[in-house]
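According to TrEMBL, the compositional bias 'Polar residues' annotation covers 276-301. The annotation region 'Disordered' is assigned in TrEMBL to 267-317. The repeat 'TPR' annotation in TrEMBL covers 1-29, 30-63, 132-165, 166-199.
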Amino acid sequence: MLGKIHLLAGDLDKAIEIYKKAVEFSPENTELLTTLGLLYLQVGIYQKAFEHLGNALTYDPVNYKAILAAGSMMQTHGDFDVALTKYRVIASAVPESPPLWNNIGMCFFGKKKYVAAISCLKRANYLAPFDWKILYNLGLVHLTMQQYASAFHFLSAAINFQPKMGELYMLLAVALTNLEDTENAKRAYAEAVRLDKYNPLVNLNYAVLLYNQGEKRDALAQYQEMEKKVNLLKDSSSLEYDSEMVETAQKLGAALQVGEALVWTKPVKDPKSKQRTTSTSKAASFQQPLGSNQALGQAMSSAAAYSKLPSGRRGHK
């Protein structure tokens, strides 16, 4: 109960300390092990999270919360088949779980089985119509399939429930760009830039749109903001960028005549972060448009949290 009070007060570190003591007294208590694992997952200590969730599953192999959380971590690392095997264990026991169907859908998304992904996400959406993360994921999959009107529908709904998330506005802007509604796409990008102070992809996509509209000065301003964010992220973490994002940034830099000497980490495809920015021009062909700036954000998976799900920048929903 003391741990729950710390959680209600928002003090995760103290809650973790209390639950660690509780697990020492009751090392076979699956509820305590699962809660401690979820807390470690939330603060980003994945090794300990996996350790405690694994211990919980040792004592209770069909523990719904532990399986969902462990599967979420597996998805984060691209182990979609292993995660699906875990989810199959609990699918018959909790067939009407929105987070479960959401996660299954995003496993199929990771495996590029988009029709199956949409089918599972639609079921999750039917079971939890007000869950913004499910709506976000539906928008993401429809964008990937180039079904822009459907993507707009789901992303708009997600924004109604989560109006302070910059990445939602960026994805909405991508849909609007492809629907040839440039003015509203610019408004969406402007809102995304205002809300998201960390994601360089927001500024890159906005810069591509502005460049394609002939607004080179504004495009350059967004490009420079993107570089600032990249340098900040490089200093604070070992984040690696999608190779297509790096390539497009370099082409845009050349088109804006600011050079291609970007300070990127080694580009690596992240199986979770489907950050795609298509580019159809060659760096030397400045007059050609730089593509439809179709950038996709990261999928989100649900861990069966002890209370409400965190709305931060964590892994998939």
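A Cβ is built for glycine as well, from the same backbone N, Cα and C atoms used for every other residue.
In terms of DSSP helix, strand and coil, the repeat 'TPR' (166-199) has 27 helix, 0 strand, 7 coil. For the repeat 'TPR' (132-165), the DSSP-based tally of helix, strand and coil residues reads 27 helix, 0 strand, 7 coil.
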